[in-house]
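Enquirer: One structure, as structure tokens, below. Some questions next.
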Amino acid sequence: MGSGWSSEEERQPLLGPGLGPAPGAAWRSRGEAAAAAVVLPAAAPSPGRVYGRRWLVLLLFSLLGFVQGLVWNTWGPIQNSARQAYGFSSWDIALLVLWGPIGFMPCFAFMWLLDKRGLRITVLLTSFLMVLGTGLRCIPISDLMLKRRLIHAGQLLNGLAGPTVMNAAPFLSTTWFSADERATATAIASMLSYLGGACAFLVGPLVVPAPNGTAPLLASENSRAHIKDRIETVLYAEFGVVCLLFSATLAYFPPRPPLPPSVAAASQRLSYRRSFCRLLSNLRFLMIALAYAIPLGVFAGWSGVLDLILTPVHVSQVDAGWIGFWSIVGGCVVGIAMARFADFIRGMLKLILLLLFSGATLSSTWFTLTCLNSITHLPLTTVTLYASCILLGVFLNSSIPIFFELFVETVYPVPEGITCGVVTFLSNMFMGVLLFFLTFYHTDVKGSCLNSVSIVKNKTLNKN
């Protein structure tokens, strides 16, 4: 941290005299900083230590990200039911999802807080915002107009929690985990937020009956009052889980371990201001950031309103939910496996990304041609929709932790929270643009944008 943006206590050496990196070590890559531990004098103590409690910290943070993603994606999978229960319009449904990227507007303030005050204060503020947001949605009011406003306000507060749960994973992994566990920890912490969004595709359609007759077991109960009661059950359950996580975080979430796990974790980092100068002047970083932000932002927004997009091709709410669920779950599983593979084999991050996005390009092309069946005359069936969407989600979502590691390696010693904050801000900006576009043109847009951005990304990665 820079001397102008951290307290005197935070600037004290973490490893003690003789154990920290040399004065010029802060300008080396994380791999070089970790390798420096090998050349320390044989009589010197170990340069770092890992603690068993690191898994508890990772679990609490990952669960917080899981629930934040679950709350963010509450309304997209049940948009037909929400329209009948609360009188939501297409604009309302898109805006409820859009509050997620809008919540990233103060992203740089959260990055500053993470850089200046550390992980505990930032996570506590994030969880408190989630408590307020989910609580507002549960206030029992009969006035539907006021109820809709409270739901929108709650979604915005939950969106404000997004910068921390999506940006701080590399910071947490560097602070608590050794070099051979960092990519895995980053993958778990970052992918659980997406897994929460995936579970919303499962929980919503299974708990809330659909008014379009896609849930035959509940067809006789699909009255407006019953649908509203089931939605409120989901809202109360989410509020209870968020309160439980806030209590656990308040009881135990240390800002950092007593001793850092590696030399890289104890290395001096750039100040907040110098970090932005370094990022904006690094052309390679900016190219990789765009290669991440455009396709991942578009896909995240597209997934959030998948039911809205697939309705014109007569895909039911339940089928759209299962497609979204399995596409994200598959991406999470493959992403964690890829990250574990990257922990053992260094120097292959670009190759892994190229392979993943080659598969994403083929999958998005398949999906696009299938949806344009009036032109291509390809069969539009449930099997083709499931297969193309799930493969697309697997290839795109599994690239997220690999990208995070590549970002941090590229611009070290810029703090991890600032680096990932910039790229996720860009990603959410493109997500917001897509959702705004779909608000007015969702009946005409099915999937061609995914095909285009995947091809663009492959070209960008090849240039780097």
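Just so you know, glycine gets a Cβ as well, placed from its N, Cα and C.
Any TrEMBL annotation is an automated prediction that lacks curation.
Heads up, here are the entries from TrEMBL:
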- 55-72: transmembrane segment (TRANSMEM)
- 93-113: transmembrane segment (TRANSMEM)
- 119-139: transmembrane segment (TRANSMEM)
- 187-208: transmembrane segment (TRANSMEM)
- 234-253: transmembrane segment (TRANSMEM)
- 283-302: transmembrane segment (TRANSMEM)
- 322-339: transmembrane segment (TRANSMEM)
- 351-369: transmembrane segment (TRANSMEM)
- 385-408: transmembrane segment (TRANSMEM)
- 420-441: transmembrane segment (TRANSMEM)
Enquirer: Per the definition of 3+ C-beta pairs under 8 A with sequence separation of 6 or more, do the transmembrane segment (234-253) and the transmembrane segment (55-72) touch?
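Expert: Yes, the stretches contact each other.
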Enquirer: Given the transmembrane segment (322-339), which of the listed stretches 55-72, 187-208, 351-369, 385-408 has the most Cβ pairs that are under 8 Å apart from it?
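Expert: Counting Cβ pairs under 8 Å, the winner is 385-408.
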Enquirer: If I count Cβ-Cβ pairs under 8 A between the transmembrane segment (187-208) and each of 119-139, 283-302, 351-369, 385-408, 420-441, which range comes out on top?
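Expert: So the stretch in question is 385-408.
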Enquirer: At a threshold of under 8 Å on Cβ distances, which of 119-139, 283-302, 420-441 pairs most often with the transmembrane segment (385-408)?
Expert: 283-302
Enquirer: Under 8 Å, at least three CB pairs between the transmembrane segment (420-441) and the transmembrane segment (283-302) (pairs 6 or more apart)?
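Expert: Yes, the stretches contact each other.
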Enquirer: Could you pull out which residues elsewhere in the chain have a CB under 8 Å from any CB of the transmembrane segment (119-139), counting only those six or more residues past its ends?
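Expert: For the transmembrane segment (119-139), the sequence-distant neighbours (Cβ-Cβ under 8 Å, at least 6 residues beyond its ends) are 60-61, 64, 67-68, 71, 110, 113, 147, 150-151, 153-158, 160-161, 164-165, 168, 171-172, 175, 232, 235-236, 238-239, 242-243, 245-246, 249-250, 253-256.
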